[in-house]
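Record features, source Swiss-Prot:
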BINDING   GLY171, ASP172, ARG173, GLN174, THR175, GLY176, LYS177, THR178  ATP binding site
SITE      SER373  site 'Required for activity'
Amino acid sequence: MEFSPRAAELTTLLESRISNFYTNFQVDEIGRVVSVGDGIARVYGLNEIQAGEMVEFASGVKGIALNLENENVGIVVFGSDTAIKEGDLVKRTGSIVDVPAGKAMLGRVVDALGVPIDGRGALSDHERRRVEVKAPGIIERKSVHEPMQTGLKAVDSLVPIGRGQRELIIGDRQTGKTAIAIDTILNQKQMNSRSTSESETLYCVYVAIGQKRSTVAQLVQILSEANAMEYSILVAATASDPAPLQFLAPYSGCAMGEYFRDNGMHALIIYDDLSKQAVAYRQMSLLLRRPPGREAFPGDVFYLHSRLLERAAKRSDQTGAGSLTALPVIETQAGDVSAYIPTNVIPITDGQICSETELFYRGIRPAINVGLSVSRVGSAAQLKTMKQVCGSSKLELAQYREVAALAQFGSDLDAATQALLNRGARLTEVPKQPQYAPLPIEKQILVIYAAVNGFCDRMPLDRISQYERAILKSIKTELLQSLLEKGGLTNERKMEPDTFLKECALPYTI
């Protein structure tokens with residue numbers, strides 16, 4: 001029996017099938033790994049890829065395209081390259097590196113890609129920001145005029161820092177560079193407790209580059225015990241992490257800090273340290289076969305740091321009046337500040353705090369060399385009272401260092417020289433401070449006022465710290481508050497502190 005389907009039925013059936021037919025094609029440009037090793041993958045076939053674009057390997061590991069060549073693309077791998085092998089597929093993502101940002105990040109420890117590593121679960125509500133963005137333009141900026149207190153007498157009096165400034169901390173290893181940065185974070189606890197609005201609070205971002213994991217864990221413990229983690233974010237690219245993550249970590253931390261800057265708030269970011277970032281970038285560049293320059297660093301190592309530090313800024317009132325203050329750390333070798341990386345970063349920043357091994361071992365801690373340290377814009381942000389009190393102390397310290405060198409050779413000194421040596425020794429003693437014990441600015445003013453105005457001149461040097469403790473123990477709150485008033489110290493206002501300091505000095509003078 002012959003089967004002859006009706007034409008109408010076939011037509012209807014085909015039409016219904018065609019109308020229900022749906023394809024959701026996703027077109028991805030893919031390439032294949034030609035070679036891989038030392039964290040660098042050479043990939044063939046990604047002809048349309050853009051510089052700085054993220055890619056994904058078959059193993060799930062991410063990477064970023066840095067070298068675009070005729071035959072292949074040089075990709076640095078964010079993670080272990082052991083799971084990647086020759087012939088693996090590589091897929092373009094069409095996006096550049098971004099990280100989470102927002103207040104949900106506060107109190108968390110994350111890696112260079114913003115993934116939490118503190119074992120406290122995923123991040124809650126947050127936005128994502130690109131790690132590489134242009135720095136604010138000239139019109140969007142405003143000159144630095146608000147103080148950023150560190151809680152260290154040596155810094156707040158002689159090398160003041162303002163919100164939106166970039167102040168370099170430079171020195172040999174084991175001279176207390178990180179201690180200065182940590183004390184600054186701890187000091188914001190008491191500063192934030194006084195703030196009356198969100199626009200006064202200072203949030204902190206600490207970026208650990210190439211440090212030991214034990215050091216980072218110790219830092220988390222110190223900040224947690226001081227309740228400082230509640231306003232801090234830690235970005236850690238430790239020594240065991242691949243070089244690309246150590247290179248990326250400062251930019252990731254900066255993107256997190258920019259969230260506060262761009263939303264009318266204030267943030268402080270510490271890069272500890274940029275020398276290790278430069279070394280990681282040198283390793284990547286040499287493996288990508290880029291031509292080496294001085295000290296084998298690539299030619300664009302200046303741009304590596306300048307584009308990062310230019311993102312620290314004080315925004316104008318029209319753009320929200322937020323700020324991002326940067327404290328980059330650079331490690332020198334045997335005090336050589338004329339090496340390549342230090343000479344690159346010093347002109348980018350607005351001043352430097354120099355720490356020295358010799359001062360550290362002499363017991364002057366923080367070991368800050370006041371002669372070499374400078375703040376190019378911070379004095380505009382300094383409190384008027386502090387400016388009045390320590391105005392002449394930097395000159396006196398410079399004269400003291402000059403005379404002290406000569407006084408070693410001869411004992412016949414006139415009375416004026418003897419008085420200068422005596423005062424200089426006391427001005428050197430007063431800025432000494434124990435670690436993790438930042439002082440509020442009004443207490444700093446009072447202690448420095450006592451030294452500058454001669455209340456310590458007749459005291460033995462070993463009694464000055466006792467005198468300082470006695471001042472801080474018995475001071476009245478009203479007197480401290482009067483030191484913060486905008487008018488500065490007038491002759492009438494000086495009478496009360498003078499009387500108080502004279503009474504406190506009596507038990508300690510010879």
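Including glycine, each Cβ sits where the backbone N, Cα and C put it.
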Study note, to complete from the structure: Whole-Å Cα distance, SER373 (site 'Required for activity') to LYS177 (ATP binding site), is 13
Point to revise | Chain-mates of GLY171, ASP172, ARG173, GLN174, THR175, GLY176, LYS177, THR178 with C-beta within 8 Å of site centroid, ATP | key: GLU331, SER355, THR357, PHE360, ALA367
**Study point:** Residue, out of the recorded positions GLN174, THR175, THR178, SER373, whose Cβ gathers the largest set of other Cβ atoms within 10 Å
**Key:** THR175
Study note, to complete from the structure: Quick tally, other C-beta within 10 angstroms, ARG173, LYS177; top of the binding-site residues is LYS177
